[in-house]
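The next block holds one structure in the form of structure tokens; read it before the comments.
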Amino acid sequence: MTGNCRLFRGFIILLLLCLLMGCWDSDEIDNLAIVIGSGFDIVNDGQAEATVQIASPTGFPSAGNGGTEISPYLSLSEKGADSSEIINSMQQQLSRRFFLGHRQVIIFGEEYARHGIDQFIDLFMRSPDSRYTGYVLTAYGISAKDVLNASYVFENIPAIAINKMQEEGNALGTLVGEFIASLASDEKTTVTGAIRIVETGAAGNVYRIDHAAVYRENSLAGFLNEEQMKMLLWLKGKLQGSMMSIQFEPKSDKFRGKVGIVFFKSDAKIDVRLENEIPHVAVQMKAKAKMMNNDTPVNMGINENLQQLEKKFVEKIENTLNNILETAQKEWKVDIFDFAEEIHVQHPQFWKNTKDQWLELYPKVPVSFQIELEIQNTGRTQAPAHFKK
Amino acid sequence: MKLSNIQLFWMIAIMELGMTLVMTTTVSLQAAKQDAWISVFFAGCIALLIAFVATRLTLLFPDQTLVQFSEAILGKWIGKIIVLIYLVQWYTIVPIVLRQFSDVIEMLLLQRTPSLAIILLMILLMSYVTFTGKIEGIGRCSEILGPMIFLMVFIVLFTNIENINVKNMLPLYVDNGMKNIMQGALAPASYLGHAVEIVMLTPFLTRPRQAAVYVVWGVVVPVVIVIVSTLMIIITIGTDLSVHMWYPFIELTREIKLGFIENWDAFAVVIWITSVFVKLSIYLFITTYGTAQFLKVENWRNMVWIIAPIILLFTFVPKNVTESTNNYLNNYWVPFVLPVNMIGIPLLLLVIGKMRQRKARANS
């Protein structure tokens, strides 16, 4: 009896040894082709082209191997009709398993974005590897391939540079999760940061994320410029750290007349009032800022001057906001400030009835902006310190 | 073979928490959208009713299991039919839970591992704990794993605070209305109603008469956590996306971005595996013990070696994830088990049992 029992125990132990190893899914890091960034473009014959940047750890320059000539990343481009076709043909060129778990940026080429971006998005959610935490960007004026193939000085892998720039928060950043959620929603407009390449001459190229891309349904409607993008950040409550400057005084021999501020707190509230079945939108925007530079002879230590400055900033901001609204309502027909979401929350019954006609109604919605800007301090000096009286 | 009441609390809490969190949220989200958490609240009320009826029922015969007292209450033949209805439930829930368990592991974690390997491991583990530890072993496991599972759930919820967007849960009620909310309550109610299995466990309790309070807490605590988690899914992922996901709670862990620490899937996996293990072990014990009593087999423990292979075979009956997750839930568990096995039969037994007792007392 005991012998039998021992045999049985031995059998169980052997079985567990086999099962617990988990050999089927063993993934050593040197067997993975870790995709750091990917980009999508459209090519002439209507097919899509995907570009991926795969980290190559042996290529990282380290103290030991000094100046290796191996590139720290591998760039692959492949044309195809859908994700599986493209991944399949990429895998055929790779000695390691294609792995999306650490993808940090996804870039849509401008032309591709204008054609509609549905093709590849399903994979972002469906693939077990794919994550929510990368950033989605749109290339401004160029193709995604060009963006990913540019080199960047600070980082070994360009995609990591883009990710870090987005983390830094000075420009609009949209995470994959937010991106897909806004595409799925009736009430939220999809916006992403827009990246371009600026030539700096000797040092090579640098990236610059100073625009925002606005989508209508699933295709690119247009871009917002830097000032306009900041308004979008303000409405999302993410203005902290952004800078802005205005022409406070006319340019003279000694002074250029510019004053600059940096925002450190922002807040926005949208109120919707129904009048004769038409929603009237009132946007309240508040921000606190401090002065960065003063290229005028004006002493900002005097309250009247400061108030004058605030007033000028508010005027400029109002102008920018009205510009965006004009374009969004008349030209793009895109509910860029997500008024729909507020109407849904504040007047659910009304929204139920008008949901389907919202895009026809939207261009006619009257909108008013109320801006409160407080410049709370002027930095260490009052009038410019180097100024001779 | 003795269970303390606190062990009973943990057993019921784990049995209800893990599975409800992972398997039923999509169904309620699809029905009630941003009001799904209200659905879970109503589901909790139904579950409390189930727990209440079940505990009252056990008090009639505190030293007998359902298999014994259903015959005592309804006579030999009807009693046997009632037990058969429960046997069908037990013999199907174990393979289905096993299958769902391996589906999740395969879909999110081990994509290339054959599901047999995953299922075999779990079956060995639960057979072992049932065979050697009996109900006492399962109770002790729950006592240790329970607090761990709770902690993991709290960490997942807490680390997501940064992703909250309260507007996602507004407007309340108006969009969906009572009908949809109640419809969304059915699936979680049917999973939170597992407390009904107390009818098989009372004979092992050291103090069965005091058990009711622990059972009720064993229902209330998971219900509160599931409400908070559902709310969290709504205000972080949003209803636009979560209604399309198989397992929104697990997706919740993927949303976490705490500074540079990302990819918290491991937490969800711990919650999932441990709670499935406890649930399956309890059900395996109940199935084995119930079958043995039903067939009048003396040594119930040896039945494990017959029942485990049968379960293993049944596990491969569903063809794909839709059959194992949706079909079973929507075609059997919600329309049949919830009204009949969880509410109807216990209530019937309770009423008739009470009447018989009263009659017997009047006669004597």
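Each Cβ is built from the backbone N, Cα and C atoms, and glycine gets one as well.
Here is what TrEMBL records for this protein:
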TRANSMEM  B:7-31  transmembrane segment
TRANSMEM  B:37-61  transmembrane segment
TRANSMEM  B:73-93  transmembrane segment
TRANSMEM  B:113-132  transmembrane segment
TRANSMEM  B:144-161  transmembrane segment
TRANSMEM  B:181-201  transmembrane segment
TRANSMEM  B:213-237  transmembrane segment
TRANSMEM  B:266-290  transmembrane segment
TRANSMEM  B:302-321  transmembrane segment
TRANSMEM  B:333-352  transmembrane segment
Problem - Interface present between the transmembrane segment (B:266-290) and the transmembrane segment (B:7-31) (three or more C-beta pairs under 8 A) - result: yes
Exercise for the section: Select the range from B:37-61, B:73-93, B:144-161, B:181-201 that forms the most Cβ-Cβ pairs under 8 Å with the transmembrane segment (B:302-321). Expected result: B:73-93
Handout entry: Stretch with greatest number of CB pairs under 8 Å, the transmembrane segment (B:73-93) reference, B:37-61, B:113-132, B:213-237, B:266-290 candidates
Key = B:266-290
Completion exercise
Between the transmembrane segment (B:113-132) and the stretches B:144-161, B:181-201, B:213-237, B:266-290, the largest tally of CB pairs under 8 Å belongs to B:266-290
Problem - Contact yes or no, the transmembrane segment (B:213-237) and the transmembrane segment (B:181-201), 3+ Cβ pairs under 8 Å, gap 6+ - result: yes
Handout entry: For the transmembrane segment (B:144-161), distant same-chain residues with Cβ under 8 A (at least six beyond the ends)
Key = 10, 13-14, 17-18, 21, 225, 228-229, 232, 236, 249, 252-253, 255-256, 258, 264, 267-268, 270-271, 274-275, 277-278
